[in-house]
Amino acid sequence: MRWDPLEYGGLSSLQVPNTFLWKPDILLFNSADEKFDASFPVNFVVQHTGDILLSPPGIVRLSCRIDITWFPYDEQICFMKFGSWSYDGDKVDLQIDSKDLETPHNMDLSYFIKNGEWELLSTPAVRVASEFDGLKYVEVYYKLHMKRRTLYYGLNWLVPSFLITLTGLLGFTLSPECGEKITLQITNLLSVTVFLGMVSAITPPTSESIPVIAIFFSISMVLLGASIVVTIWIVNIFYRSRKTHEMSDMQRYVFLEWLPWFLMMSRPGSRFVKPQSEGSDSTSSTPLDSVIGTGPLSRRCNGEGDKERLLPDDVVERLARHESRGSYGVHPRLDRTFSISESDGGSSRCAIKLESVVKECLARLNSFQEKLDEDELDDDAQEDWRFMAKVIDRLSLYVFTILFILTSLFLFLATPRMFDYRPLINLTDEFNQTVPFR
């Protein structure tokens, strides 16, 4: 259909309704639209040279196989397959017109609007001619090579996840006496669980591959769950005592000597001492009988001196200290010094007079000594358990920090070209795998 514009008043083109002219049945073969052909019917633009333009607008939905292994640092390639549904290549021959187009694009992107989530890297095209029942059919494949923009996912997913995991590590620096130690770890675990749920909600359900970010969040959940178990164990050890638990020699060697040395931990005013047998007494004390038998009381009752101290200074200080505490009542007749005059009748009368006082003093001093030894053993045992808990706390901090660093390195090193904008996919190989060349 041609004409001379000069014969028709300079008319060079006509808009003809789409029902007046024949239209080839060119369709998108991999369409996912319910109507299959989602194009809007428009008029034909007929030029006086016989060229006819038909550019129907439409929203295209197509099926595309995606690989979410490296999500959100992934690249995807989708293809659009166009061809005639019923006409062979002799009647409808499709060609690719890529002149005046910028490489590597074979699509006209004059009206293309950039997307905030995806970056369009290239749109190559290929024409494929195949035979079926002796007839040639022509198909055109357009590739859409896209790369996901990662700024949104980095700021809203990865950075908070790193901070939450670091907070979980800092939880090991809190004292077991702090009641929020376990609560902090549980809160961090719930936070990472929320992020993992966000990943599951935004990624398509598929069992072919697991996103690397989902693996990262899963490992973080395992680490935080293990940290909760270790924290509960640490708190349990911290509040142990000699009345409920007994520390073995191996535990003393590992947690009170070897690990503190390995972790460069110091315990002020104390060092590791191997446990002694039950028959030995590690408490340095002076027998009360020898103190009384060789002290000033014995010398004074034998007539030596005229005014001497009955008890040694250290024993008197212990009695005074416990008297002030109110733990035990000291006999009112017991004083720091006794003055014995010569009119008492000699050493025999002195011994008879002080015999009851000395016996009661010895009994009370023995009770004091046993109580002091018992309290000292309880305090030492409790301090050992507390120091053991702190050693395990420090060891857990180092171990979980190393595991967290390894997990982060896995995320950054396993993802190819995380901070590189070069294409990850070789389009030539991708064409050979997806386009059925015949």
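Even glycines carry a Cβ here, placed using N, Cα and C.
In TrEMBL, the region 'Disordered' annotation falls on 273-297 of the listed ranges 273-297, 298-322. Here the domain 'Neurotransmitter-gated ion-channel ligand-binding' (1-150) returns a mean pLDDT of 87 for the predicted model. For the transmembrane segment (395-414), same-chain residues at least 6 beyond its ends with a Cβ under 8 Å from one of its own Cβ atoms are 162, 165-166, 168-169, 172-173, 212-213, 215-216, 219-220, 223, 226-227, 230-231, 234, 259, 263.
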